[in-house]
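Okay, structure first, notes after.
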Amino acid sequence: MTILRFLDKYFEISISVFLLLFMTALIAVQVFMRYVMGESLSWSEELARYVFIWLIYLMISYSAREMKHIKIDAALGLFPQSWQRWVVILGDLLFLAFALFIVKTTYELVLKQMMLDQRSTALAIPLWMIYAAPGVGFFLTAIRQVQTIIWRLRNPDKSNIEEF
Amino acid sequence: MVATVLFTSLVLFLILNVPVGIAIGLASAAAALAAEALSPNYISQQLIAGTDSFPIMAIPLFILAGDLMGAGGVSRRILDVANVFFGRVTGGLAIVTVAVCMFFAAVSGSGPATVAAVGSMVIPTMLEKGYSKSFTLALVATAGSIGVIIPPSIPMVIFGVATGTSISNMFMAGIVPGFLIGFALMGWSYIYAKKAGIAGIEGNFDCRVAAKLMWEAKWALLNPVIILGGIYAGIFTPTEAAAVAAVYALLCGLVFYREISFSQLLKTVARSCSTTGTTMVILGCATAFAKILTIEQIPVQVADLMTTISDNPIIILMIINVLLLFVGCVMDTTPAILVLSPILFPVATSMGVDPIHFGIIMVVNLAIGFITPPLGINLFVAARVGNAQLGTVVRGIIPFVAIMIVLLLIISYIPPVSIGIFSLLGR
Amino acid sequence: ETLRFSNVTSVSGKDAGVEFKRIVEEKTNGSLEVKHFPDNQLGNDRVITESTIFGDIDIGVSSTSPLATLFPDLYAFDAPFLFLSPEDAYAKLDGETGQAILKTLEKKGLKGLAFWENGFRNFTNSKQAVAEPSDLDGMKIRTMENDVHLAAWRALGANPTPMAFSELFTALQQGTVDGQENPLGIIDGNRFQEVQSNVSLTQHVYTPYIVFMNLDKFNSLSKEEQDAITSAAKETTTFQRNRSQELEKEILVRIKNDGVTVTELTPDQKAMWQKKIIDANIYDLVKSKMDHPEYMDALLKK
Ligand code: NA
Ligand code: NA
């Protein structure tokens, strides 16, 4: 249980913190090697880009958990007060639907990439590993959205999460 | 047909409280299903294509640098110094904010990266001094758009390549409009502060206090020197500068000032990650959206139609401005330039509009697009950096959009504002 | 039926794209309509190639270098001094070996239609006129993220550094890198002459554009339509190459007038560059990456 709770709170964010620091360090080292050592790295930029992509899609899930995605909340005012709660939940369901759509299409795309056996230019990383990022990110997001919807149904009087 | 699906579903999803990026993605998916011979996989592929870019990494890196400068005491020291010099002026802090944005504009070629760099640095202090949240965030979002007008500028490079116009001349022609926008925003800040009753600090300028504060802020003040110096000395590119700024801010916080503990560091980086995720997902989905617009040739058709309405240059320029402002609401800068400049450029130049002048008009237009909803990336970055709801920023943005449109008209109809610099320099 | 045609940024390519559209539509009496998307509006080379394989785009154009990880035989065209004149390149690309390489695209679902011309790559820099490899002397040079190019420039004595193309102009202006290498059409299209004072006509690598179509789409067309496409590809190839050569001449005149120093290499000087490449076993490196190393030998044959 405690492990589950730890993963719930820290899984995406701990990986992402590492990725952002790693990406920053890579670019700083790239500058150092080119300017100071006169011996440019050929792979640092590519690796930094791929780290960045994974960071983005992991953080989509984390932000879904924290309910921090940017919305046009003012539009809720178009609905009667009593409906608003359900509109929010409908929005969450649509978000969930998009997440599942991306998981499905990414899965197909990854299979295609595996068949193509396409590699990155500098490090020869199989590109399906990069294309998998939105799939994994949105898979986690789907879990987070289910969590969110359940939380909203259980807490009709709260508009946004403080702590699970 | 596809256009109808794209736009109506976008509006619908936004109203139904779907997050902006996801709404754009859902609308694109709906359009992909409606379009002929476009696989649903195309959306997922564009999520990668839209984020697999080195220059856009300047955004997360500047977000990180800004957060670290805030947590490590760098921002506070820089603003203390600014306060000594400009604090007695009404609206002094807001004016300093604009100046800092102009400074970062000379570093970065991107609008949202400028917002990211300046936002976390100045927003907390501005709120402390009594500026309203919506004014503060809207000011930073707007001033951030100067990032693509004062050189270097990624959209200007794209425009130059798409139309064969001189890029270094574009850079030169951007300087005066960039400063013009900066001064206008400073003027508005003064008026706003006067109305809101945010007075300057009392007392006279004290040389010794100023010298002391500057000495205490020496490491902090070195940060902008390193960034700007590094770019102009050819040590690193604008994107790499963002990483160097982050590393230096970390060094200041951990070593020089020792104001940041390890757990604080983790919290700060986590905050940057969250800002990055929520804003960059919008960019990824917006790429899919822009690609579908392009494939369905929607902007091309609209542009073709609009440019046949009149052959009066004044009216045509007005039509082009309206078109670009509208496109800027739903499309990001780079795809908009790539798709529209091949159509609009020959129309404008055939009527005697100077190519460079037209390029500046286009870039300023799309810079306004950074701050117009629903797709206004500067608004999103400002909202997240300022930890506010999008509505808060949007409420404050209206006067700024109005100011920018007035400036756009000035830049459009008074060519010397942009290209006068060449006759001054005798070229 | 409508075909989506994604095209590159160079002027000769765009002109040929318009021509391709005209020919196909004329020959099929409008049963095929071609929608032309120039300037890589639909994505960069790699994205376009993928999208064409997946069928979201019907016809694409790309430089060969970014596709070499997908079609390893294309590494041959990254080999420096593989072709020594345009005529040499045309003969071999349109000959047996070139067509065999084009055929390898079918393994991954593409119908190779033609080799257009991006052109001979030339070296530009902001420091000094460069005629011999020793003039490079540790210069920082932006190259593509490609093993062969990196190895070749290291062998020549430079410090090659990969860099995003959209940052290159600013990097050249500020001196973050001293030089770069591209065909004249790309150099002029990106206005690099504004920030580079020297152009050396090294002609070190000949980069073809490859025109390809989704294979299933091609096979689904009627015989007449297929013929219209293959003959349009053929006609535009001649048109595009001529246009490219013509433009290169114009560009050279123009950049000389702008005050750029243009250095032509003497045969002896060119031999020095070639020697460095051969001594560093770059050709063996290229062959080790190819599926059919024998194609390389065939292309090198005089
Ligand atoms: Na700038
Ligand atoms: Na906008």
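Quick reminder: no glycine exception, Cβ is built from N, Cα and C everywhere.
Curation does not apply to TrEMBL; its annotations are automatic.
Feature list (source: TrEMBL):
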DOMAIN    B:8-416  domain 'TRAP C4-dicarboxylate transport system permease DctM subunit'
TRANSMEM  B:53-73  transmembrane segment
TRANSMEM  B:85-105  transmembrane segment
TRANSMEM  B:111-127  transmembrane segment
TRANSMEM  B:134-158  transmembrane segment
TRANSMEM  B:170-192  transmembrane segment
TRANSMEM  B:213-235  transmembrane segment
TRANSMEM  B:241-257  transmembrane segment
TRANSMEM  B:269-294  transmembrane segment
TRANSMEM  B:314-344  transmembrane segment
TRANSMEM  B:356-377  transmembrane segment
TRANSMEM  B:397-425  transmembrane segment
### Query
Are there three or more C-beta pairs under 8 angstroms joining the transmembrane segment (B:53-73) and the transmembrane segment (B:356-377), sequence spacing 6 or more?
no
### Contact ranking winner - B:170-192, B:213-235, B:314-344 against the transmembrane segment (B:53-73), Cβ under 8 Å
B:213-235
### Task
May I ask whether the transmembrane segment (B:241-257) has at least three C-beta pairs under 8 Å with the transmembrane segment (B:269-294), counting pairs 6 or more apart in sequence?
no
#### Entry: Interface-richest range of B:111-127, B:134-158, B:241-257 toward the transmembrane segment (B:85-105), CB pairs under 8 Å
B:134-158
